[in-house]
């Protein structure tokens, strides 16, 4: 019986832990699969995906900077992908790609089940308005937060995300210059790539954003998350959480879409956490 082919597309993507995660899920569930990493620059993505499909590809994950391009290539995106305008999971069906976004479900599951956070009634600051932010924002709203403030270097992108979410009473955009005037938040989510340069000054955020309950969450992990988590600890946030748990949980959601069974995530998370020193970024 031929082994089904899966892959993660990104640029760069050689560092991705997704092949190892899905290999572990396959062993755990007894499902034989071939999962590889495929580097594709944005201008090469469409052709690379077509070649993958022609070679028998059944499903794919998509990471930076291709999530919005994957949405455009999806014949029938899911509701949550449509709201996000970004796709991180592709399923091949009847010769077409169906797009979904499991990032938000992965984040919420990690925060609520692994870390025991209750998101209901919380005020959230979302840093960033790109594909990563778009992927998690709808799920945070569904989890019961009361207000989301979106801040992005490009105000136009923040406005576009708020418009796409369609909840003007709960979601607003603000300028970076206004951070000192926004009050405090129970959840601060970094959905930017600012930490990739490992610049300790990249997150010189006002301490007034923090209260006694604040959880600071970086959607990246490992070296990429160091700068933001260092700020979170210096600001005395109650929780400083990286994106490793989200990575594993969103991968399990993707695996379930492809194979009809959701694997156990704690063993994989624990094994990866033990390898913490070699982790690079959340994809």
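Backbone N, Cα and C define each Cβ position, glycine as well.
The shikimate binding site annotation in Swiss-Prot covers 16, 17, 18, 63, 88, 103, and the record cites sequence analysis as its basis. The number of other CB atoms found within 10 A of the CB of residue 103 (shikimate binding site), across every protein chain shown, is 36.
The active site, proton acceptor annotation in Swiss-Prot covers 67, and the record cites sequence analysis as its basis. Cβ contacts within 10 Å of residue 67 (active site, proton acceptor), excluding its own Cβ and spanning all protein chains shown: 28. According to DSSP, residue 67 (active site, proton acceptor) sits within a helical segment.
Annotated NADP(+) binding site per Swiss-Prot: 79, 128, 129, 130, 131, 132, 223, 243, in sequence order, evidence recorded as sequence analysis. Packing around residue 132 (NADP(+) binding site) is summarised by its Cβ count: 28 other Cβ atoms lie within 10 angstroms of its Cβ, all protein chains included. DSSP assigns residue 132 (NADP(+) binding site) to a helical segment in the three-state reduction.
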*Farthest-apart CA atoms of 16, 17, 18, 63, 88, 103, residues recorded for shikimate, distance in Å*: 16
_C-alpha spacing of residue 88 (shikimate binding site) relative to residue 128 (NADP(+) binding site), in angstrom_ = 17
*Name the secondary structure element type, per DSSP in three states, that contains residue 18 (shikimate binding site).*
helix
*Among the recorded positions 16, 17, 18, 67, whose Cα is within 10 A of the Cα of residue 131 (NADP(+) binding site)?*
67
*Whole-number Å distance between the CA of residue 103 (shikimate binding site) and the CA of residue 130 (NADP(+) binding site)?*
13
*Ten-angstrom check, please: count other Cβ atoms within 10 Å of the Cβ of residue 18 (shikimate binding site), all chains counted.*
24
